Structures are given as structure tokens and as C-alpha cells.
Amino acid sequence: MESRNFLRFLAISLSVSLVLFFTWVHLPYAPQPNTTTDLLYCSTNSPWCTSKNRFQSINKPSTADNILRKPPNPKHHKHESDTPHHPLDPLTISEINKVRTVLKSHPLFRSSSPFAFHSIVLEEPDKTLVLKWKKGDSLLPRKAAVVARVAGKSHLLTVDISTGEVAVQETGSRSGYPTMTIEDMTSSTWAPLSNADFNRTIIERGVDLQDLACLPISLGWFGENEENRRLIKVQCYSMEGTANFYMRPIEGLTVLLDMDSKEVVEISDKGRDIPIPKAANTDYRYSAQEINPGMMFVNPISIEQPKGPSFTVEDEHLVKWANWEFHLKPDPRAGVIISRAKVRDPDSGEMRNVMYKGFTSELFVPYMDPTDAWYFKTYMDAGEYGFGLQAMPLDPLNDCPRNAYYMDGVFAAGDGTPYVRSHMVCVFERYAGDIGWRHTESPITGMEIREVRPKVTLVVRMAASVANYDYIVDWEFQTDGLIRIKVGLSGILMVKGTSYVNTNQVPGQQNLYGTLLSENVIGVIHDHYITFYLDMDIDGTDNSFVEVNIKKQKTSPGESPRRSYLKAIRNVAKTEKDAQIQFKLYDPSEFHVVNPMKRTRVGNPVGYKVVPAGTAASLLDHDDPPQKRGAFTNNQIWVTPYNQSEQWAGGLFVYQSQGEDTLAVWSERDRPIENKDIVLWYTLGFHHVPCQEDFPIMPTVSSSFDLKPVNFFESNPILRTPPNVEKDLPVCKPAASA
């Protein structure tokens, strides 16, 4: 019984994910995590800094003005008294409690049938009403959107929080099930332990039950035999000798489980000849590392802000910084949602609309191994697991720098009880020595001009630990009007056990489906696709999508010494199919969202453009079942007319869905999009062929894309930005410079 309780506790811990602290043990440079004792504290008018550990104070003045105060650790906010101030504010604890009370008295939930709340979030008011609302106006009616399952059937409900009125909506004939609850995941990991055949198999594979760790794995959809009941697959690992159990898979052992009844449907064990990899060199924790004498460490670094940060967060969710303001909230499915993003015009001083709403809509992660224990690993991390549900508390000084602001998420558990995910999002200013703009005049002109402006940006960050993998999502705002959306991948590979300990043992024709990373460990090839929902409202709701094709133009004989040049050809998308974009290196284009009814003083339509960086495209067959479900990755850009019911690229109910309710299906309707309220969808992709440097934990790899002003301003919007001068900056000296 003690072993069973331990395993249950372990399963719960695993299913809500782990907070991972990263270190690299196979690199000549081994960074340490920052601690408050290692970083300097500076004041504006002081030439010295203090540190409790590696540095000492230098020439410390005695005046009271120069007393340095350590910034406080992030405080846990008491949410019980929260009240909404903005129409888009998330539901508060008291509101979730009221929804729970109302629903439990509703006839649908009063029966003895089992039920679970898979989602209780704000039902956002109609967009036109939100756009008209101004601070000081009465708050728009507050409603909750609820996804529940009762007696094995999914339901959509709307609860009016003030009146208690409940409206039950039709779910239609769509396939699939709602996002799993945390309780679904945790109960699935320990359910196999009630099966004697499973326990016997584990012991026969040489694993002590007290060292067992199991993970709930969504199974996609692969045919009729998987329909009409919620199924999940469970695979297990050995924790013996390491915290990094992911590197010790019990290869080939897969349990098919009925998620509702917890019945073990099938046990497949096809890896008995594959040893469990050893625990040696798998632990990634800093405390477990042996530091070699020759290793070099970077001295602690911290960007100090003696006057404090330049941004404010009003009413818990309205962020104001420099020339930007936007509404920010955590979300259990999307992670974070940015709404009502506006930038100040440097000439008129007015706040101009840029984006009504932006968020991570879906993450598609297909693994490239068609064998029995791997073919189904084609995750939809937002729609199946909840991207926000997997967001872990951020680690001050390592995830986010000093002076960061932390925001908690308030979510509902499966029984409707509210709980707080603390420090889920952080907001901070970043300065990395980058340049906003510069020009130095050449000496040949006779003018001594050197003008340079530093670039300081504002970052909104969240990190989700979806079991083994960690995603870092940054929304970075620049004073020149640009928004950069960046995704970082880190954490731990999902690996496959093998009998091979060296590549020289592998027969020439055998496909490992990955890379041999260590003895008996294969890192399986896989992709990551992160699809973003971007409701752009450039100076208003009615916008157009313009593909600016860059074409080679040949000169006529005798026209010029040049034989060719480039020409920009603008094509306005009339319908959705005109805006289904696949990137082509040798047929380049720019992609603009413009307001055709508003123009600059010289006549250009105001707009923003999508600027891709490194990305990847799916190479899977369109008829492959995972790609049918992930068909929103068939293009890198889509544009659809605004529809409040079309926000999740993989569909509302993703779990075991068949792909009939995706962005790709909606876009085939080919609806008009010219001069309409439109939504742009962008997919950022990664191909990942694992390498040894990814073992036992991966250094972060990142990619991004930009939303950049294009003829939005009359001129350079940061022209008037002042340069840095010595008197405005703190001077910090380490002990060695004394």
C-alpha cells in the first residue's frame, strides 16, 4: 500500500509536469543558475555595488542616499479579493466559485452520473462591444464559457455570472473530446497499477514498482477501432538512480487505457530484448554535476534599473510601457493571450490599434517513428494537454531577470474548484547591447556626426513544461512598433531504448528513426509546429491581406547597362484561398496586412507585415492521419474572416479528433477577406534531428517571426529617442577593478 501511495503521488507530480533547472554537463562551458547572492545591486548616483558572494563593496559611501536595497522576491498575490476591471479580464476566484455553484444545481449535473469540468474560462464579450468600451464605463456582462463532460458526453455551456442563467449550446457532430483535465492525466498514470498483468510485466522487465514513473500519452486518431470512447496510452520509465527518468524508458511496453473507466484495454510488450538504459550521466540538476577544474564560468550578469522598471501593470492586466499598451492574461489552453495591443503615434500622440488578439492556438509535435510503440506520438499540446495548464512557475533570476513583474494564472480544476498557478507569466525589460538605430558620417564628408540609439524592449514570457519538453514563448515589444514572437525549445528529449551501444553495431540498412545519443538511447526525429492566432486590426477592424511578390524584371535591349532588377508586385487577396501561403526561397514575397481606407500623407496604405525567420514545413503526406488532424500546418500563413468560434487551429475538441474541424477545413470555404475583419494565422516550425549535445538535456534552440510596421508611421518612430549618457547610468565595479 505504501508503494502504491508513493506511485500515486509520483504520478500526480509528473502529470502536472516538472520545473526543470537547466545545466549542461557535456559542454566545456558549464553555466550555473543565478542566485540572489551572486548579483550586483546598483544605485544611480553610486560608483559601487554590493554582493554577498563573489564581489565585495568598493568605496562604499556613508550617505543615506546611497543605501542599496535588495529588490524583493516576487510576492504571492492574494487572489480571493480580485475583481475584474476590464471586459477581457480572466475569471476571478469568486466568479469561478459562483459558476461552479450554479452548475452543480443545474439539472445536467444533479444526477448521479459522473461529470468533469474541462474548461471554465471567460466568454469574451462581442468584439464590437469591447472596442467601444472605455475605462470608466460600466463593465460588460460577465459570462463563463464552460466545457464539461457528463455521463460520457461533451457539453458546451454559457453561464451568466450576474444572473446565474445557464445556456446549453449544441456541440454539433464534431469528433473528438475536450482538453484533458489534470485529473484525467494523473489518474491515467496510476490506473495500470491495478492490473496484475501490468505489474507482473514491470517486474519481469527488471524494474521495481517503487522506481516506476509513467506518462499519459495522447494517441491521436488512427481508425474506427479508436472511436466512441476516450482512450489514452501509458508508457513507463525507471527512476532508479536518476531524476531524469525520461532517459530510462521501458521500451516497447505500452498500455491502452479507457480514460473514463480506467480499464486496461490492452498491454503491448514488444521490447523485452531491449535493455533499460543506464542512469549514469543522465541527471541534469546542478547539484548532481561534477565540475572539472578547467571549466570556465561566466561572471554573474544582471541588468540593473536603479529607478525601477519603465512599465506599469494597471488593474492586474493592463500593461503600459513606452509607446505601447496591451491587455495580458494567462489562459489554460493558450498559455498567454495578448489583447487590444496599441502603439502611440509619435506625431499625433494618439494610441493606434495594431492587434485585437494574439495567442498560441495549437502546437503539433509528430514523431517520425512508425513502429508499434511510437507511431501514435503526434501530440497536440494545446488542445490535448492544455498549454497553459502545463505552464510552470517561473524561476526568478534564471527564467526572468530582476525587476520582472510576475502574473499568476487562476484556473479551474476538474471539479470546478479554482486554483492558482503562481508566477506563470513574467514581464520585464530587456537590454542586450542591441542598437535601435545608428549612423556615423564618413570623414570624407567633413562632418563629425555619430548618432546611436540603444534598443530596449519589453518581453512577456511564459514557459510550459509539457512533460519532458519545455517551451519558452516570448512576446517582445519594441519602441519602433515591431512585435517579435519567439519560441524556444528546451527540456528533455523523448527517447527510445535500443540494444545498440555504438553506431558500429547498427546494420547498414536499419533505420533507427533517429540518432544514437548514448549507450542504448536513441533520440527520435520529430517536428514542432506552433500556430499563432493573430487578429490584426490595423487602425480599425477592416483590413486586407496583400502579398507583395518580389519578381525579377529584365531590362530591354539598350535600356540600361543592367540586365535585370527586382520589382515588387502587390496582389490583394480577395478570398481565403488567395491567402494560403507556402514560403518559397526563390519566389520571395512580403506579406502585409493593411488598412486600405487609411493612408499616409504620401498615399501609402498603413499596415504591418509578417517577417518570417527560420521555420520548417511539414513533409508528411496530407492523407497521413496525423497530418489530417494537423492540416493547419500545410501552409505557413492562412487568412480567415474573423469568427469568434474559429480560434483553435486544430478544432475545439482536439483529443482523438479526425481533422474535420481545423483551420484548413474552415479556409476551404474560400470566404471573402478583402477589406474585412480578418485573422492572420502563422505557423512557426522546427525539424529536430537529435544530436549528442541534446543529451541529457537540450540547450535552448529558438526561432521567431516579426510583426513589423510597414508605412504605418510617417517616418522613423524612434527618431526622437534620446541616447544614453553617462550621468543617467549606474556605474558598477567588481572587486578586481579596485
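The backbone N, Cα and C atoms fix where each Cβ goes, and this holds for glycine too.
Taken from TrEMBL, the feature transmembrane segment covers 7-27.
Per TrEMBL, region 'Disordered' is recorded for 60-90.
Annotated compositional bias 'Basic and acidic residues' per TrEMBL: 79-88, in sequence order.
Across the domain 'Copper amine oxidase N2-terminal' (86-167), DSSP assigns 22 helix, 28 strand, 32 coil. According to TrEMBL, the domain 'Copper amine oxidase N2-terminal' annotation covers 86-167.
Among the features that TrEMBL reports, domain 'Copper amine oxidase N3-terminal' is placed at 178-277.
The feature domain 'Copper amine oxidase catalytic' is assigned by TrEMBL to 302-718. Confidence annotation: the domain 'Copper amine oxidase catalytic' (302-718) carries a mean pLDDT of 96 in the model.
On its own chain, Asp381 (active site, proton acceptor) has Glu362, Leu363, Val365, Phe387, Gln390, Ala464, Val466, Tyr471 as residues at least 6 apart in sequence with a Cβ closer than 8 Å to its own Cβ. Feature annotation from TrEMBL assigns active site, proton acceptor to Asp381.
The 2',4',5'-topaquinone annotation in TrEMBL covers Tyr469.
Taken from TrEMBL, the feature active site, schiff-base intermediate with substrate covers Tyr469. For Tyr469 (2',4',5'-topaquinone), the number of other Cβ atoms no farther than 10 Å from its own Cβ, over all displayed protein chains, is 24.
Same-chain residues lying 6+ beyond the ends of the compositional bias 'Basic and acidic residues' (79-88) with a Cβ under 8 Å from its Cβ atoms: 94-95, 122, 124-125, 129-130, 133, 135, 139-140, 142, 315-318, 327, 329, 339-340, 408, 410, 420. Helix first, then strand, then coil: DSSP counts for the domain 'Copper amine oxidase N3-terminal' (178-277) stand at 31 helix, 27 strand, 42 coil.
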